[in-house]
Amino acid sequence: MSAAPDDNRRVSFDDHQPKLINTSTNVLAQHDEKDENNGHKDDFYEVQPGVSSINLVDPAEPEVPKELWGGRHTLALLGFLGIAVVYAMRVNLSVAIVAMVKSKSNDSIHTEVCPVTDNSTDTGDEGGGEYDWDEGTQGLILGCFFYGYWVTNLIGGRAAEYFGGKLVFGVGIVATAVLTVISPVSVQDDPGFFIAIRVLEGATEGVTFPAMSYILASWMPPLERSKFSTLVYSGVQFGTIVTMPISGWLCDSDFLGGWPSVFYLFGGLGIIWGVAWFLLIHDDPQKHPRISQAEKDYILKHCGAKSEKPVAIPWREMVVSLPVWAAAIMHFGNNWGFYTLLTELPTYLKNIQHFDMKSNGVFSALPYLVMWIFSIIYGMVIDQLLNRGKVSNIFVRRMSMAIGAYGPMLGLVVMCFVDCDSTLAMVVLCFAVGLNGAIYCGYMCSSQDLAPNFAGTIMGITNTLATIPGFAAPAVIGAITKDNQTLPAWRAVFLLSSVVYLITATFYIVFIKADVQSWNEPKDNKNTEHEMKSIGKSGKM
C-alpha cells in the first residue's frame, strides 16, 4: 500500500490488522480484500475525530464538486472583502495624517536632501493641516493602533474556537467600523482622545485574522488551502490599493471637510459589509443551510468535522514546537518590513520624493497593486502544481517565503542607492512589495497546516508577536527621522528592515513543517486506534 499523503490520516489494514498513520485530522481506513476479478478490492472508510461511526467512502467518487460556485467560494469572497475593509480602516490614517499635520520646511542644513525640481508634484507651497505634531507624535499616532491590536489576537483565536469564527470576525470588523466613523470628532490639538480611539480600533480589529484562520481551517481542504488563503488574505493589498488613492483624493477635496471623509467612507463600508457577512456566512459546512451535499462531503472528507466543544490547548507542546516558533518569528519579520512601508511610505514620498497629496495616494498604492496581482497569479500557479502532485506542501511553504521575504530584503537594500530618482524609487518599491505577495502561500498557511483544531489559537499567538512591529517600527522610524528627513536617515530605515527580513526568513525556512502535528488531536481521539484494531480483529465494519 502506498504511503498516505501528508494531509490525511489513514488507517491501513495490513494482513487485516489496522494500523493508524497520523497525518491529518481525518481517519481514512483502507481494507484490502480479495476480489474475484482484480485479485484485490480496496474499501475505504472514513472516521471523523471524536465520532465512533465509520462511513464507507467510494475512492472513485470525484473529489472536487463540479459546481462552479459553492459555500466555500462565498466565504472566500466575503472574507476577501472583509480583510479589505479591515485594511482600509487601518491604512487610511497613513495618508490622512499627511493632510492633518502642518507642513514643515526642510531647511538646507542637510546636504543629503532631495531638492524640489520641476518634476516634483509637491512644490512645498502647501500649508498642510491644522495639527502641529512632530515626528515622534506622528509615530505614536500611527503606531498606537497596534497597542490594542496586540492585546486581543490570542483572545480572538480562542474566542473563535468557542463561539465560532463567523461571530468573532464579523463583530470585530463592525465594531472597528463604528469607531472609525467617530474618529474625526475625537481629534483635538491634544491627540490623547484620538489615540484612545485608535487603540480601541486595534483591540476590536485584533480578533479578525485569528478568527479567519480558524474559519479557513474548517472550510478549505489542504489542496485548495494555498489558493483560497491567497484570495482571502489578498484583501490586504486590495484594501490598501483602493484606500490610498481615494484617501489622497478625499484629503485634497472639500467633501465632508476633506480628511474626515476618509474615516466616514471606509467606516460606513465596514458596517454595510457586516450585514452581508451575518446573512450569508456560517461557521462550518455542517451548519450551512444552502450548501450542496457534494460540497459538504468533499469538505468534511478532507478537513474533518470540528468538535462541538473546543478541546484543551496543548500549551506545552506548542511552546516547545520549533515549527510554531518558525511561523511566529517569520510573522514578526514580515510585519516589520510590511508595516514600515505601509505606515511610512506616504511620509517618505512627501518628504523625500516631494509628491503632493493626490500623487502620494496613487503612488503609495502602486506597490500594493503589484503585490495583489502577483499574489493572485502566484497562488493560482501553486494551486495547479499542488493538484498535479508536482510539489509538496513543505516545498511550497519554503519557496514562498524565500520569494516573499528575500525579495523585499533585496529591494530595500537597493532603495538605499536610488537617492532622489523618484521613478527608480517607485520601480524598486513595486519590486520589493510585489514579491511579498508570495507569503500567502507561505507562513500564512502554517497555522492551518500544523494544527487545524488550533488554527485560530496559533494565528493568535503568532499575530500577537507580529503586532509588536506595528507600534515599534513607527516609533523607531520616528526617532531616526525626527528633524532629520534626509536620505541617510531613510537608508538606515530600509537597511534595518532588510536585516530583519534576512534573519526571520532564514529561521522559518530551516525549521518550518507542513504536516499536522501529533498534538493537534485531543488525547481522547487517540483511542480511535484501539477501536480500529478491535474492528479489524472482528472483521466487522
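Positions of Cβ are set from backbone N, Cα and C atoms, glycine also.
Computed from a predicted structure; not experimentally measured.
Feature annotation from TrEMBL assigns compositional bias 'Basic and acidic residues' to 1-18 (among others).
For 30-41 (among others), the entry in TrEMBL reads compositional bias 'Basic and acidic residues'.
Sequence annotations record features per position, and here TrEMBL assigns compositional bias 'Basic and acidic residues' to 522-534 (among others).
Taken from TrEMBL, the feature domain 'Major facilitator superfamily (MFS) profile' applies to 80-516.
Among the features that TrEMBL reports, region 'Disordered' is placed at 1-41 (among others).
If you look up TrEMBL, you'll see 522-541 (among others) marked as region 'Disordered'.
Here TrEMBL flags 75-101 (among others) as transmembrane segment.
Residues annotated as transmembrane segment in TrEMBL: 136-155 (among others).
Positions annotated as transmembrane segment by TrEMBL: 167-187 (among others). Sequence-distant contacts of the transmembrane segment (167-187) (same chain, six or more residues past either end, CB-CB distance under 8 Å): 79, 82, 85-86, 89, 92, 100, 131, 156, 159-160, 193-194, 196-198, 200-201, 204-208, 211-212, 215, 257, 259-260, 263-264, 266-271, 273-274, 277-278, 281.
What TrEMBL records for 193-216 (among others) is transmembrane segment. A Cβ distance under 8 Å defines the sequence-distant neighbours of the transmembrane segment (193-216), meaning residues of its chain 6+ beyond its ends; these are 75, 79, 82-83, 86, 89-90, 93, 140-141, 144-157, 159-161, 165-166, 168-169, 171-173, 175-176, 179-180, 182-183, 186-187, 225, 228-229, 232, 283, 447-448, 455-460, 463, 467, 470.
Residues or ranges marked as transmembrane segment in TrEMBL: 228-250 (among others).
Note on the transmembrane segment (262-281): residues 74-75, 78, 81-82, 85, 88-89, 92, 95-96, 166, 169-170, 173-174, 176-181, 183-184, 243, 246-247, 250-251, 256 of its chain, located 6 or more positions outside it, place their CB under 8 angstroms from a CB of the stretch. Sequence annotations record features per position, and here TrEMBL assigns transmembrane segment to 262-281 (among others).
Residues 94-95, 226-227, 229-231, 233-234, 237-238, 240-245, 248, 341, 345-346, 349, 355, 400, 403, 426, 429-438, 440-441 of the same chain lie 6 or more positions beyond the ends of the transmembrane segment (362-381) yet place their CB under 8 Å from a CB of it. According to TrEMBL, the transmembrane segment annotation covers 362-381 (among others).
According to TrEMBL, the feature transmembrane segment maps to 401-418 (among others). Nonlocal intrachain contacts for the transmembrane segment (401-418), taken as residues 6+ away from its ends with a CB within less than 8 angstroms of a stretch CB, comprise 330, 333-334, 337, 378, 424-425, 428-429, 431-439, 442-443, 490-491, 494-495, 497-498, 501-502, 504-505, 508-509, 512.
The transmembrane segment annotation in TrEMBL covers 424-443 (among others).
Sequence-distant contacts of the transmembrane segment (455-477) (same chain, at least 6 residues past either end, Cβ-Cβ under 8 Å): 138-140, 142-147, 149-150, 153-158, 160-161, 165, 202, 206, 209-211, 213-214, 216-217, 313, 318, 324, 327-329, 331-332, 334-336, 338-340, 343-344, 443, 446-448, 493, 496. Residues or ranges marked as transmembrane segment by TrEMBL: 455-477 (among others).
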